[in-house]
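Colleague: Sharing a structure here in structure tokens format.
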Amino acid sequence: MNAINILGIVGIIAAFILLTILIMKGLNIFLTVFICTLVVAVTTRMPIYGAFKTNFMVGFSSFFQNYFLLFLTGSLLAKAMDITGAAKSIAKAIIKLMGVDLAFVSVPLACGVLAYGGVTAHVCAFCVFSIALQVFRAADIPRRIIPGALCFGCSTFAMISPGAVQIHNAVPANNLGTPYTAGFVNGWISCLFMLVMGLIWLSMYIKKAKANGEHFAPIAGDDISDDPNERLPAPLLALLPLIVTIILVNIKNGKGAALIPVEVAVLAGTVFAVVVMYPFVKKGSLGKTFTDGVQMCLVSVTATSAVVGFGYVVSHSAQFSLITNAMINVPGPKLLSLFIGTTVIAGVCGSASGGLGIAVPILGSVYTKLGLSAASVHRVMALSSSALDSLPHNGYIVTVTNGLCRETHKASYGLTFRLTVVVPFLGSLLGVLLFTLFPNLP
């Protein structure tokens, strides 16, 4: 390897470290991304103007084009659940059913159910956030814990599990010719391990925070009023907009493809919420509430697009292929090197789905030719995509933490790291072990 490539690889690593530090320090996300993109461009000897004008903006604009409507409709649904009192009604029902001490469990579980049913991680977070806010307020759990609970439920155990209607199963299935349920037994054991470990860790974190004197502290814009005489929709009625959204998302045509675009499904859920529960909406509040939702959407989608643009620059550097090739040649069990290669690529891209989109075409056929079953390759890659993808620069982490929850990485990311990086990392290693020891299980 020549000096130029060594400098480029060192520069990429340095850029990621710097990105993490600056985000954790609370520096503006756009300025942070600009600085780190510049570091990558200089050290990999990419034309600086071209790196920004072409690669960065292609990544930025592509994500914005593909996901703006999803962010917009998701924000509106979150606001609709809030303004109609649906979120508060569901939260009170959860508190009554599970008790204050276990109410926090409902947040990741609700996200997990939505994610397994085919609702994207971003929409899951928008749907459940208002409920989480009310649950955490009633249970007096520190607000800064909400991003970790949401991200854990939306982007770990459920989205990568066998049978989940998610892109994390679709990409390997389309490339390897496997069903979504590939690696069923070992995959489910690994995902259930993530769920149990994550809930235990979350519970311990909450208890420690409370022991340190932390309480729920609302911020400007939170609707956390608790009038015992307030008229609220019945819990089952309040759930209907989410049920409508899930049903519409999962309607398939004859070829198995989604018949209704997810943005249309989410918008339908929003309209349904407002129309059916309009008697519970405060007069004159619709306009301002949805305006706030649009502003929340713009902050979220542009911040996420900027981070995706950075990942696009990295993935189009000459040194990126050297990094992926090095992962393939890691000594030890082949499934272990597959795990490392997939999770590192997802980490570099800052996206589980983006990492799989790059890793599966490159690594999938290589490992099946080495004698590994397509089912084990499918499931190990799906599991592995959910670990290092959740580093601070991950677009979804930025969206939920800074945009939706309006918290900072400094306050919230410590827990998020534990639940969305450490837990999936260990769960993926368990999957590697299970598929190595029991490769013939269904």
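Glycine is no exception: its Cβ is also placed from the backbone N, Cα and C atoms.
Residues annotated as transmembrane segment in TrEMBL: 6-24, 29-50, 56-78, 113-133, 145-165, 185-206, 232-251, 257-281, 293-315, 335-363, 415-438.
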Colleague: What else in the chain is close to the transmembrane segment (232-251), if you only count residues 6 or more beyond its ends and a Cβ gap under 8 Å?
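Modeller: 77, 80-81, 84-90, 92-93, 114, 117-119, 123, 127, 165, 258-260, 262, 264-266, 268-270, 272-273, 276-277, 280.
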Colleague: Look over the recorded stretches 185-206, 293-315, 335-363 and say which has the most C-beta pairs under 8 A to the transmembrane segment (145-165).
Modeller: 185-206
Colleague: Report, as numbers and ranges, which residues of the same chain sit near the transmembrane segment (415-438): CB under 8 Å and 6 or more residues beyond its ends.
Modeller: 144-145, 147-149, 151-152, 155-157, 160, 183, 185-187, 189-191, 193-194, 197-198, 201-202, 205, 333, 335-336, 339, 343, 376, 379-380, 383-384, 386-388, 390-391, 397, 401
Colleague: Determine which residues of the chain contact the transmembrane segment (185-206) at the Cβ level, with the cut-off under 8 Å and only residues 6 or more beyond its ends counted.
Modeller: 104-105, 108, 112, 141-142, 145, 148-149, 152, 156-158, 160-162, 376, 379, 382-383, 415, 418-419, 423-424, 426-428, 430-431, 434-435, 438, 441-442
Colleague: Looking at the stretches 6-24, 29-50, 293-315, 335-363, which one shares the most CB pairs under 8 Å with the transmembrane segment (56-78)?
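Modeller: Comparing 6-24, 29-50, 293-315, 335-363 against the transmembrane segment (56-78), the winner is 293-315.
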Colleague: So what's near the transmembrane segment (6-24) in sequence-distant terms, Cβ-Cβ under 8 Å and 6+ beyond its ends?
Modeller: 32-33, 35-37, 39-40, 42-45, 310, 314, 317-320, 322-323, 347-348, 391-393, 398, 409-410, 413
Colleague: Restricting to the same chain and to residues at least six past its boundaries, which positions have a Cβ under 8 Å from a Cβ of the transmembrane segment (335-363)?
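Modeller: Non-local partners: 12, 16, 155, 159-160, 167-168, 171-172, 175-176, 307-308, 310-311, 314-315, 320, 323-324, 327-329, 372, 376-377, 380-391, 393-396, 425, 428-429, 431-432, 435-436.
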